[in-house]
Amino acid sequence: KIISLVTKTQGLIKNREMAAHVKEKGLADYVTQVDIAVQNFLKKELFALAPDIQFLGEETGLQEIKADSFWILDPVDGTTNLMHDYQHSVVSLALCRQGDIIMG
């Protein structure tokens, strides 16, 4: 189910119009509307699938992790590539349980 959820983000990642909406977060660090849309989609779907697992997304900002299990998401690993249409970007999702990455 998790792989299927990540695969469903393809349409968002291929959306050139959304990729053109860019904000600079820091020096050579960018966020696009694609990053935000992918993160929002996966956060919602992962919560529906496993509401007891906390979520940590790159575009959410710093937050305290209070659960033994949590998702770690970089919605677009390779945002600069996405912005330039280089087609070398991925969704990076992992599940951490009690300090160990058990999936991702």
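Positions of Cβ are set from backbone N, Cα and C atoms, glycine also.
TrEMBL entries are annotated by machine, without manual review.
Annotated in TrEMBL:
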BINDING   Glu58, Asp74, Asp77  Mg(2+) binding site
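Features as recorded by TrEMBL, highlighted on the structure.
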{"residue": "Glu58", "record": "Mg(2+) binding site", "CB count, 10 Å": "17"}
{"residue": "Asp74", "record": "Mg(2+) binding site", "CB count, 10 Å": "18"}
{"residue": "Asp77", "record": "Mg(2+) binding site", "CB count, 10 Å": "16"}
Where Asp77 (Mg(2+) binding site) falls in three-state DSSP terms: strand
Residues within 8 Å of the Glu58, Asp74, Asp77 Cβ centre (excluding the Mg(2+) site residues themselves): Asp35, Leu73, Pro75, Val76, Val91, Ser92
